[in-house]
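S.K.: One structure coming up, written as structure tokens, with questions to follow.
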Ligand code: GTP
Ligand code: MG
């Protein structure tokens, strides 16, 4: 079982797509381990996207991610990092394949609706940045044996 951090970005909240996209993760067989809505501070946004600090789009990216509330989740399941990245599609909604979240709902490089950790190492760093340990729940789901072998 692996954990990954997913952010439903401000455009996702504003476009009222949170429920529809969260539903895709549930339907896939992944588990919601933590979920909350927050207003991202400049500090948190800058820490989260620290790897892009020198990029020309960084100031706009920080304005975007702090521009309205986000919903943030820890999603768990077998190979959750790679599974979620695959479901998201390429960064740009223009290039992302139909059937992926960005391919189906975005035509923008920046306003691409969701974030997903890009490696297990990034997931560990990001989960610790966004959640307190006690906010992340480990629980049984009825019928789990029908979803994946343990
Ligand atoms: P995240 O899951 O949000 O990290 O997206 P990603 O891993 O697919 O892309 P990356 O980490 O390279 O970029 C982080 C975010 O910056 C993207 O999701 C976009 O919102 C934004 N971004 C990336 N490249 C560009 C760009 O060329 N122009 C603009 N305006 N925004 C960009
Ligand atoms: Mg990224």
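Every residue number used here counts from 1 along the chain in the order it is shown.
From the backbone N, Cα and C atoms, a Cβ is placed for every residue, glycine too.
As annotated by TrEMBL, domain 'Nucleoside diphosphate kinase-like' applies to 1-138. Summarising the annotation, TrEMBL assigns ATP binding site to 9, 57, 85, 91, 102, 112. Look at TrEMBL and you will find 115 tagged as active site, pros-phosphohistidine intermediate.
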S.K.: Validating a neighbour-count step here. Other CB atoms within 10 A of the CB of residue 9 (ATP binding site): how many?
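M.R.: Its Cβ has 26 other Cβ atoms within 10 Å.
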S.K.: Across all the protein chains here, work out how many other Cβ atoms are within 10 Å of the Cβ of residue 85 (ATP binding site).
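M.R.: Result for residue 85 (ATP binding site): 17 neighbouring Cβ atoms inside 10 Å.
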S.K.: Have a look at the recorded positions (102, 115) and report the one with the fewest Cβ neighbours inside 10 Å.
M.R.: 115
S.K.: Looking only at 9, 57, 85, 91, 102, 112, which the record lists for ATP, tell me the maximum pairwise CA distance in angstrom.
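M.R.: Output for ATP binders 9, 57, 85, 91, 102, 112: max Cα distance 22 Å.
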S.K.: Got a sec? Which of 57, 85, 91, 102, 112, 115, the recorded positions, have CB under 6 Å of any ligand 1 atom?
M.R.: 57, 91, 112, 115
S.K.: If you run through the domain 'Nucleoside diphosphate kinase-like' (1-138) with DSSP, how many residues end up as helix, strand and coil?
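M.R.: Once the DSSP states are binned, the domain 'Nucleoside diphosphate kinase-like' (1-138) shows 62 helix, 28 strand, 48 coil.
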S.K.: Could you measure between residue 57 (ATP binding site) and the residue listed as 'active site, pros-phosphohistidine intermediate' for me? Cα positions, answer in whole angstrom.
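M.R.: Cα-Cα, rounded: 16 Å.
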S.K.: Hey, how far is residue 115 (active site, pros-phosphohistidine intermediate) from residue 9 (ATP binding site), Cα to Cα, in Å?
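M.R.: Their Cα atoms are separated by 7 Å.
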S.K.: Among the binding-site residues listed here, 91, 112, which has the most company in the form of other Cβ atoms within 10 Å of its Cβ?
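M.R.: Most Cβ neighbours within 10 Å: 112.
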S.K.: Which number gives the other C-beta atoms within 10 angstroms of the C-beta of residue 57 (ATP binding site), all protein chains shown included?
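M.R.: Result for residue 57 (ATP binding site): 12 other Cβ atoms within 10 Å.
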